Amino acid sequence: MCFRLGLIFGMLYPAYYSYKAVKTKNVKEYVRWMMYWIVFALYSVTETIADLMVSWFPLYYELKIAFVVWLLSPYTRGASLIYRKFLHPLLSSKEREIDEYIVQAKERGYETMVNFGRQGLNLAATAAVTAAVKSQGAITERLRSFSMHDLTAIQGDEPIGQRPYQALPETRKKTKSSVSESLGYRIQLERNSGDDKTDEEMDGTHSEDEMFAQRGLRRSQSMKSVKSIKGRKEVYVACQSMLIVLVGAVPQYHINQEEIPASRDELAKHIQFTDNFTSIVTEWYLIKQEAYKVSLASSMFFAGLLIGNIAFGPLSDKLGRKPVYLSGLFFDVIFGYVAAFAPSYEIFATSRFIVGITNGGMSLVSFVLTQEYVGKSFWSFTGSLTNLTFAVGIAVYALLGYYIRQWRYLAFVSNCPGIVFFLLSLLLPESPRWLYSQGNTVEAERVLQYIALGNGKERLTIKLKPCAGTMKTDESAPSVLSLVKHPVLRWRTVILMYIWYVCSLVYYGLTLNAGELGGNLYLNVALYGLVEVPAFPLCMFFIEKPWSGRRKTMTSFLIFAGFACIITMLLPENAGLFFSPTLLALCGKMTVSAAFNIVYIYTSELYPTVLRNAGLGVCSMTCRFGGILAPFVPSMKSLNPSMPFVVFGISGLSAGFLTLLLPETVNKPIAESIEDLQMSKYQLLKNKKVTQLEENT
């Protein structure tokens with residue numbers, strides 16, 4: 001009773017009158033209730049301690065109620081008295097120390113959470129491989145050429161995190177650049193004189209402060225934290241994307257009568273599942289004529305990804321990267337729990353569809369946000385790290401499935417990391433590139449200063465000139481239609497759309513087909529994830545070399561993946577270890593994973609900043625068409641056992657040759673606006689010819 005009275009008098013009553021003060025814009029009442037809430041917050045803290053120590057005191061709870069009434073009474077105004085006499089002088093004298101303590105606690109707490117998450121994922125990745133090897137010794141012996149000992153030696157992000165700095169010595173040997181160029185910007189810093197200099201001349205002149213900022217931003221602890229949050233989040237995304245592989249797994253079963261019962265209740269009486277795990281198949285009896293519903297649920301997830309890519313890309317270009325990303329992650333977590341506790345198949349499939357919408361849009365925006373936090377010289381590293389952690393996430397999901405055999409518990413646990421990543425993502429700043437492209441140079445300067453301060457540097461004076469694309473106020477903002485109207489972007493978009501479609505079709509088709517390998521299901525899923533790990537160091541090495549670059553490297557990987565799939569269908573089952581269909585299928589998965597990694601980086605470099613998210617969204621849209629069709633491709637075995645690999649092989653070869661029609665972007669500047677595409681340094685000769693042809697016609 002005392003608790004209820006305290007709740008009514010202490011919170012509901014003042015909350016209502018605070019609402020009235022805000023509504024009527026009564027400044028006097030507003031200040032009064034603000035003082036009350038400050039005092040009441042301190043009272044709530046001391047109340048908890050007092051309840052534990054002096055609650056035995058006679059009339060203790062009655063005195064608490066009387067004290068609350070004294071605080072809020074208009075006659076006594078106890079809250080105002082305490083605030084003016086005690087709290088205000090105390091807080092004023094200690095304000096600076098409190099602020100410094102909060103900042104230090106926030107930084108240390110954040111670093112502790114990141115380090116704890118890194119160590120946990122390292123242990124989980126190692127345990128996944130170890131557990132999988134012990135559970136299936138026979139298959140491990142058959143696939144011993146993959147060197148499982150080497151896989152178990154993976155320590156997570158730390159070794160990989162050192163590679164780009166060793167593999168890119170030219171990055172450290174580049175000529176000095178401004179603080180804006182260290183983030184990959186084609187931005188000029190304002191100077192007191194020499195405004196009539198050309199771009200090349202201004203790029204060669206830098207002050208000590210600018211070089212100081214450049215060194216700080218290149219090694220910024222804030223950007224390391226951004227990469228860490230983004231990388232860990234991809235583990236969560238991988239678990240959500242691959243959820244149906246284990247949650248929808250079909251166990252061995254036996255029906256005790258010849259004819260299949262018509263009703264589900266009758267089927268439940270006569271069917272026996274022999275495996276020791278549950279799935280949506282065992283709960284809703286999705287076998288025989290109902291078996292298509294498993295693939296349908298998977299396709300609905302990818303259909304949601306399609307819608308998410310269409311909607312979230314333009315939204316983030318208009319509203320900003322951070323708010324759209326946080327909204328998508330929030331609803332992704334909510335509907336992930338809805339899927340885990342779905343009472344029927346229909347609700348499960350619908351929730352997976354909504355998860356696909358939020359997951360696809362959020363992943364797209366987060367990738368762009370990560371790329372725009374760092375300079376172009378690090379785009380290959382951050383892009384590869386993103387896809388690497390996605391591969392590790394598949395192995396972590398296999399480990400969770402190995403220990404959690406109940407599908408609802410597995411879906412619940414797989415969704416829990418999303419809460420942590422959402423809270424960590426609240427600390428991220430808005431993209432300085434997006435702010436700059438929108439003409440908000442003041443806020444972009446603040447973000448750059450925040451990054452420098454996060455590295456322990458002194459406060460810098462950074463002044464950015466307006467972007468060329470934002471100086472024309474009479475023109476409408478670029479939209480998705482600009483991808484079709486502009487001749488250069490039109491051809492790039494068509495080719496990239498097909499490449500994305502093929503990468504998704506082959507990647508998810510092989511991954512979702514993991515159960516066809518035979519043997520231990522969890523080991524197969526882990527192998528299909530871990531086989532991607534070697535692909536990313538190869539990508540990071542080749543795409544930064546001038547003699548290979550983005551275009552030639554992606555072409556090679558796509559063609560190799562196509563040949564691997566075609567050769568797989570020609571080999572017999574007893575062809576031997578080094579020429580077995582299983583080994584070639586895993587090699588095809590590794591190479592298409594490498595191509596998938598490159599296409600993210602390559603596409604983001606082919607579009608200007610004002611259309612980068614829209615371009616990625618359109619390309620990802622066609623990518624999701626491939627994901628929608630991927631679950632049904634293995635069913636083409638009913639027509640011909642080799643038909644799925646024919647589809648994968650021809651698709652990979654055609655996409656590989658089409659990649660040769662795109663321009664190379666390695667060591668080339670990144671366009672900020674559509675106007676930049678007219679400059680010669682953003683185009684190849686073939687692009688100029690296309691532009692001239694369009695103008696002549």
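For all residues, glycine too, the Cβ spot is worked out from N, Cα and C.
The domain 'Major facilitator superfamily (MFS) profile' annotation in TrEMBL covers 242-667.
Feature annotation from TrEMBL assigns region 'Disordered' to 189-210.
Per TrEMBL, the feature transmembrane segment maps to 6-22 (among others).
According to TrEMBL, the feature transmembrane segment maps to 34-59 (among others).
The transmembrane segment annotation in TrEMBL covers 294-312 (among others).
Annotation comment: TrEMBL describes 324-342 (among others) as transmembrane segment.
Annotated transmembrane segment per TrEMBL: 348-369 (among others), in sequence order. Beyond the transmembrane segment (348-369), the same-chain residues lying 6 or more positions past its ends with a Cβ under 8 Å from any Cβ of the stretch are 230, 233-234, 237, 240-241, 243-244, 280, 293, 296-297, 300-309, 311-313, 315-316, 321-322, 324-325, 328-329, 331-332, 335-336, 338-339, 342, 383, 386, 428, 431, 600, 604, 612-613, 616-617, 620, 624.
Annotation comment: TrEMBL describes 381-403 (among others) as transmembrane segment.
Feature annotation from TrEMBL assigns transmembrane segment to 409-428 (among others).
The transmembrane segment annotation in TrEMBL covers 491-510 (among others).
Among the features that TrEMBL reports, transmembrane segment is placed at 522-543 (among others).
The transmembrane segment annotation in TrEMBL covers 555-572 (among others). Within the chain, the transmembrane segment (555-572) has long-range Cβ neighbours (under 8 A, six or more residues past its boundaries) at 499, 502-503, 506, 535, 579-581, 584-585, 587-588, 591-592, 594-595, 598, 641-642, 645-646, 648-657, 659-660.
Per TrEMBL, the feature transmembrane segment maps to 614-633 (among others). Within its own chain, the transmembrane segment (614-633) is flanked in space by residues 295, 298-299, 302-303, 305-306, 309-310, 312-314, 317, 360, 364, 367-368, 478-480, 482-483, 489, 493, 496-498, 500-509, 512, 599-600, 603-604, 606-607, 644, 647-648, which lie at least six positions past its ends and keep a Cβ under 8 Å from the stretch.
The transmembrane segment annotation in TrEMBL covers 645-662 (among others).
Counted as Cβ pairs under 8 Å, contacts with the transmembrane segment (491-510) are highest for 645-662 among 294-312, 324-342, 522-543, 645-662. Ranking 294-312, 522-543, 645-662 by CB pairs under 8 A with the transmembrane segment (324-342) puts 294-312 at the top.
Counting same-chain residues at least six beyond the ends of the transmembrane segment (294-312), those with a Cβ under 8 angstroms from any Cβ of the stretch are 241, 243-244, 248, 250, 280-281, 286, 324, 328, 345, 348-350, 352-362, 364-365, 508, 512, 616-618, 620-621, 623-625, 627-632, 635.
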